[in-house]
Amino acid sequence: MTQAPVNVTVTGAAGQIGYALLFRIASGQLLGPDTPVKLRLLEIPQAVKAAEGTAMELEDGAFPLLAGTDIFDDPKQAFSGANVALLVGARPRTKGMERGDLLEANGGIFKPQGEAINAGAAEDIKVLVVGNPANTNALIAQSHAPDVPAERFTAMTRLDHNRATAQLAKKLGAPVSEIKKLTIWGNHSATQYPDLFHAEVSGKNAAEAVNDQKWLEDEFIPTVAKRGAAIIEARGASSAASAASAAIDHVYTWVNGTADGDWTSMAVPSDGSYGVPEGLISSFPVTTANGKWKIVQGLEIDEFSRGKIDASVAELAEEREAVRKLGLV
Ligand SMILES: NC(=O)c1ccc[n+]([C@@H]2O[C@H](COP(=O)([O-])OP(=O)(O)OC[C@H]3O[C@@H](n4cnc5c(N)ncnc54)[C@H](O)[C@@H]3O)[C@@H](O)[C@H]2O)c1
Ligand SMILES: O=C(O)C[C@H](O)C(=O)O
């Protein structure tokens, strides 16, 4: 190890995504094979013991890039000096819980975490929110970190992006590596819009290669948008390894850059591009370079896509209104 370790804070470390994520971070897949990492795990007090068990297993992995693991139940300590923060721990929806209750419960998590990031994270902090409702949780955290540049707060739609890539590859019998420029627009929810009209398969337009609007509308979009629910139905628990894998992809791409001629999907604070109200944390096509993301500009949006993007963005605006009323942003 030649460079100083990068501090990676992971919340919800004893949860199922945490279990799938931490070993991949320790093995170098989050930041690259030359970057040592120090893990800072945040859990609620009742789950600290389980997190300690995971830390023992991390030790037993003898990962050359893992410079240590510390466990906290206090956000201020966990985010102190953090260079990368993966906000995975969230309050799941339970029976009888309304959306407003869920937003309020998560406000109790993401407000203090935003404040802790503001108070003590490193200058170059990059935040990825995975815990649902991810876009609005990211907005809550970002609103409570006024000294951190807003663009450092992102939410995860990479899992949706990867799901859409896999579905398209299957439909066309093409390798996933041939699929480029796919976009998820909007919210990480059933209203999200996976866009094939700008995507390419082996250099050709994906929507033209599919040439089947019925499949696109009746199968592709609902399959991708409702995949999370389908996994819960099949597994009896929400996606974990694929979510962890997407979190790795999201941060790796943010830090190491998108390939020439390609882009990825990230939920980022809108600058008003494509008519998405400023400040909403909405998914866009983005390129990344030198640790910074940029929304891809100048794409033509046809009427069909416009309607789908507007519907998902309207849901994000409603969520923002709901958390505004709760005094959370
Ligand atoms: N954005 C996405 O694509 C995506 C995909 C899958 C899952 N998710 C979401 O990710 C979240 C985590 O999923 P999971 O399967 O790991 O859940 P889980 O219930 O297995 O684990 C969540 C962990 O978070 C911890 N936690 C709760 N409050 C916390 C707090 N204030 N600080 C620190 N830790 C806290 C819990 O103790 C628990 O260990 C859920 O909200 C889930 O809906 C998002
Ligand atoms: O946890 C969920 O509700 C689903 C999850 O966001 C997913 O997309 O798999």
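If you go along the chain as it appears here, the first residue is 1 and each next one adds 1.
Every residue gets a Cβ built from N, Cα and C, even glycine.
Copied over from TrEMBL, here are the features:
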ACT_SITE  H188  active site, proton acceptor
BINDING   G12, A13, A14, G15, Q16, I17, G18, N106, Q113, V130, G131, N132  NAD(+) binding site
BINDING   R93, R99, N132, R163  substrate binding site
DOMAIN    7-147  domain 'Lactate/malate dehydrogenase N-terminal'
DOMAIN    157-323  domain 'Lactate/malate dehydrogenase C-terminal'
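Looking only at Cα atoms, G12 (NAD(+) binding site) sits nearest to N132 among the recorded positions R93, R99, N132, R163, H188. The full span of the recorded NAD(+) binding residues, G12, A13, A14, G15, Q16, I17, G18, N106, Q113, V130, G131, N132, taken as their largest Cα to Cα distance, is 20 Å. R163 (substrate binding site) sits 20 Å from G18 (NAD(+) binding site), taking the CA atoms of both as reference points. Under DSSP, residues within the domain 'Lactate/malate dehydrogenase N-terminal' (7-147) fall into helix, strand and coil as 64 helix, 26 strand, 51 coil. According to its DSSP assignment, R163 (substrate binding site) is helical. Cα separation, N132 (substrate binding site) to G18 (NAD(+) binding site), rounded: 14 Å. Among the binding-site residues listed (R93, R99, Q113), none has a CB atom closer than 6 Å to any atom of ligand 1. Non-local contacts of Q16 (NAD(+) binding site) by the CB criterion (under 8 A, 6+ apart in sequence, same chain) comprise A237, S238, A240. Among the residues R93, R99, N132, R163 said to bind substrate, no two Cα atoms are farther apart than 25 Å.
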